[in-house]
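**Q** Positions annotated as domain 'HD' by Swiss-Prot: 49-151.
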Amino acid sequence: MEISDIIYGQHHIDGVLEELIKSAPVQRLKGIYQGGASFLVNRKWNVTRYEHSIGVMLLIKKLGGTIEEQIAGLLHDVSHTAFSHVVDVVFENQAEDYHENIFQQVIVHSEIPDILQKHGYHTEELLSDDSRWTLLEQPAPELCADRTDYTLRDMYRYGHINLHEAQTFLDHLIVRNGRMFPDSIEAAEWFVSVYYKEVIDFFLNPVNVYGYEYLARALKAALRHDVISAEDLLKTDQEVLNILRASKNEEVLSLLTSIHPGIQVIEDDIQYDFHQKKKMRLIDPSIFLDDKWIKSSGVSEKVRKMGEAAYQKAKKGVYIKILKQ
């Protein structure tokens, strides 16, 4: 099959990867928006988990990763629920890892093990431990394919960087001992600035935070009134929305009708309607300098200051005042 990606271009995919892409769990991700509630308050915020999963697979391929690691990259988000990380707010999961906690359960009860076995791969061996896949995932604050793709993809799609900038950065990535690094402090500084546009300016955008808060309230009410079950959250965003809208539950419907692109909110630390904090997301990639690996912030005052500002903002959270619902 031929696939076309806005960042990585045209690629021919066959064999096990083609079958996995066509499988129901991966196809479902076309109906899961990356930004959770974001698309309900801004129709342009519509990157899907499917686009990101394909992107992670292609980035691992570009960096010379094995087919096995490409498989892990393609499948790493299949257990994301409807509305992505909104569900972490619903279940008050501060680590924002609900989807990781149910990953094995979702995989086992799908056709994925049969597809892998058909092509000579063992599900347990491939998918039981992400730490094996050092291009795919690294603990923060290092770079990895997952973190890199969602940052470049969102920021390109939402107009904060251009395609040339994204592709230039990708050309400045090097791989050492199975891990990815920027090849210069300039490349590191550029990515750090873009990453904080993503996790501070976008994730903590007052409109975005409002959408998360009110959709989480709607889902909590729906679960409390047995309008939906936790299992329903493994449907697509639209399927769950359809259930909520058809419920005739006044509390759920009232909350849903308050989530739309016309809402007006501001940050106000004094007269606020609600406060929300998200998972601390910091980036400080290592670079190779003077024959040793060193954190970018140890070389660049710019990276250090950006990291400190992001830390303080994330620690404080966002205080939202509603002007118009």
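From the backbone N, Cα and C atoms, a Cβ is placed for every residue, glycine too.
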**Q** Take every residue in the domain 'HD' (49-151), average their pLDDT values, and give the whole-number result.
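**A** Per the prediction, mean pLDDT sits at 94 for the domain 'HD' (49-151).
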**Q** Using DSSP, tally how many residues of the domain 'HD' (49-151) sit in helix, strand and coil.
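**A** Looking at the domain 'HD' (49-151) with DSSP, the answer is 60 helix, 0 strand, 43 coil.
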